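Undergrad: My questions all concern the structure below.
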Amino acid sequence: MAPSSNSRSAGAVLTVEQMAAAEHAAMVSGVSEWELMQRAGEGAARWVARMSGGRTVSVLCGPGNNGGDGYVIADFLYRSGIPVSVVAPKPPATDTAKKARETCVAPISSDGFPAAEVYVDCLFGYGLSRQVEGAFATLLEHLRDTTGYKIAIDVPSSIASDTGENLGPSLYYDLTIALGAWKRAHFIMPAMAGMGVKRLVDIGLDIAEDAPVLSAAPQIEPPAPDSHKYRRGLLAVVAGEMPGAPLLAAEAAMRSGAGYVKLLSEHSHPDAPAELVVEGGDLAATLSDERIAAVLVGPGLGRDAKARGKLSAALDAGKPILFDADALHLLDPALIEGGDTSQLAVTPHEGELAQLCAAFSIEGESKIERARALHEKTGITVLAKGPDSILVGSKGVRFFNRGPSWLSAAGTGDVLAGIAASRIAVHGDPQRALEEAVWLHSEAAHIAGPAFTAGELARTVNQALECFL
Ligand SMILES: NC(=O)C1=CN([C@@H]2O[C@H](COP(=O)(O)OP(=O)(O)OC[C@H]3O[C@@H](n4cnc5c(N)ncnc54)[C@H](O)[C@@H]3O)[C@@H](O)[C@H]2O)[C@@H](O)CC1
Ligand SMILES: Nc1ncnc2c1ncn2[C@@H]1O[C@H](COP(=O)(O)OP(=O)(O)O)[C@@H](O)[C@H]1O
Ligand SMILES: [K+]
């Protein structure tokens, strides 16, 4: 019953179409749908048994194979001596779910909502295709209003798997157990916020290696024993109209691994920390220093002709560049034409991504489609940030778990940009740097505690680094 050891499903985040294709491939290779359902149901049942701790369990079963999983779960729990019952408003509609119901020894009723301490929601999985109504909606409303421990199997039953859209009563689960692979909804807001703790059951699917994946915690190397400040990476932060934002970014960058951070500014910065070198003079000439390993441009830059000139100067230097904030309102096809875009990266929030898509004539229904199209059209590595960040680069697509919501504070984006640019200065790989930055930013927020300021967050990043060494 255990899945084969060569399963490559760990971490993949799939659409319904990709999921169905992976399951079809398994069946072509000789694994029956029944066998897949047994693996899924048993794997999930072991989690339910662990979480229930002897409490009474009620399993809600729908008409499709998600309901089929429910019968397998109930059967496993019943045979394990756990008090369990099933509610199924409609009989199974698929052969495999019918077989699961026929072999299920747990008591089954077609109506009511039994009082239980643990509820397992198997009404709909990735097959949900329309608004939930009638008896199914009533069950979900009861589930919403009860105080029991709530477990969603595969995908919460009112959530559309590809879009995260809510197609029925909206409720919060304590635990969501994904089957076979993660689905997009597991990492799309607001759906992901209602799923509680998330766990994945491996059912031995073989999944294409280029499928989007959930980002795994990075391993960050300390400086080599013979390192010096330049070898560790010199980052140039280009300042503009507003002094605060680039200073915040530089504060974070100094604590993210770069050996040397310079603020290139025509203003004086009496508030700058002593360890930050502030350099004036002609920007193009300063950026021609071959020891500069990466450039950050955008925080506090401004959006006028002078700002655009600075952006041009940065691009002309031919170095790896991270564009954030105001720079994302200035970038356009003419500016990057003919350059090596593989060393360029952008960190737009929702509004800035919309701005970039308009500038580069890109359309896409969802954030992931827009980010992917922007990368494919321009070659630029894109981190579409927010509570549900998505990274798209030459190594494919990465999803992330949600960081602390305390990050929703002014200036935290400048901190993220500083961290990411610093990591680019260290190793030169934009996609790796952005992935590291999301983790460091989140971890720094955990360490900084509640209601931190962006400055406090920036000054915590070196402690966050310790978690990834
Ligand atoms: N196909 C496979 O090989 C496997 C599938 N598994 C399970 O199967 C699930 C997908 O199964 P299905 O494709 O059968 O789909 P679901 O069980 O998610 O639900 C689809 C069924 O519900 C009906 N339906 C959809 N929306 C409805 C609505 N709003 N109101 C009433 N009826 C509605 C559909 O007509 C269909 O009969 C997965 O989420 C997973 O739980 C697992 O058992 C692993 C193996
Ligand atoms: N609710 C949230 N939960 C988790 N992270 C969030 C949330 N809101 C914002 N963030 C993160 O905080 C940062 C905000 O950046 P941004 O919108 O550019 O703010 P600012 O421009 O004020 O610096 C991003 O890294 C984003 O991913
Ligand atoms: K479900």
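Backbone N, Cα and C atoms are what each Cβ position is placed from, and that goes for glycine too.
Heads up, TrEMBL stuff is auto-annotated, nobody curated it.
Annotation comment: TrEMBL describes 19-211 as domain 'YjeF N-terminal'. Under the heading (6S)-NADPHX binding site, TrEMBL lists 65-69, 125-131, Asp154, Ala245, Gly300, His349, Asp414. What TrEMBL records for Asn66, Asp121, Ser157 is K(+) binding site. Positions annotated as domain 'YjeF C-terminal' by TrEMBL: 212-468. Annotation source TrEMBL lists AMP binding site at Lys385, Gly386, Pro387, Asp388, Ser389, Gly413.
Show me how these features fit into the shown structure, please.
TA: Each residue in the domain 'YjeF N-terminal' (19-211) has a pLDDT score, and their mean in this model is 96.
The C-beta environment of Asp154 ((6S)-NADPHX binding site), restricted to residues of the same chain at least 6 apart in sequence and closer than 8 Å, consists of Ala40, Asn66, Asp69, Gly125, Tyr126, Ile177, Ala178, Leu179, Lys183.
Remark: Asp121 (K(+) binding site) has Leu60, Leu140, Leu143, Lys150, Ile151, Ala152, Ile153, Pro156, Ser157, Tyr173 as non-local neighbours, by Cβ distance under 8 Å and separation of at least 6 in sequence.
For the recorded site, Lys385 (AMP binding site), the DSSP three-state label reads coil. Summarising the environment of Lys385 (AMP binding site), the number of other Cβ atoms within 10 Å of its Cβ, over all protein chains shown, is 29.
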Undergrad: Between any two of Lys385, Gly386, Pro387, Asp388, Ser389, Gly413, the residues recorded as binding AMP, what is the biggest Cα to Cα distance in Å?
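TA: Roughly 14 Å, rounded to the nearest whole number.
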Undergrad: Return the members of Asn65, Asn66, Gly68, Lys385, Gly413 (the binding-site residues) with CB less than 6 angstroms from at least one atom of ligand 3, or none.
TA: Asn66
Undergrad: Just to confirm: which same-chain residues, 6+ apart in sequence, have a Cβ under 8 Å from the Cβ of Gly68 ((6S)-NADPHX binding site)?
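TA: Set apart from Gly68 ((6S)-NADPHX binding site) by at least 6 residues yet with Cβ under 8 Å, we have Met37, Gly41, Cys61, Pro92, Thr94, Thr96, Ala97, Lys99, Ala100, Arg101.
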Undergrad: Between Asn65 ((6S)-NADPHX binding site) and Gly413 (AMP binding site), how many Å separate their Cα atoms?
TA: 43
Undergrad: Give me the count of other Cβ atoms within 10 A of the Cβ belonging to Gly413 (AMP binding site).
TA: 25
Undergrad: Tell me the Cβ contacts of Gly386 (AMP binding site) under 8 Å, same chain only and six or more apart in sequence, or just say none.
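TA: Met189, His349, Glu350, Lys367 - these are the non-local Cβ neighbours of Gly386 (AMP binding site), listed in sequence order.
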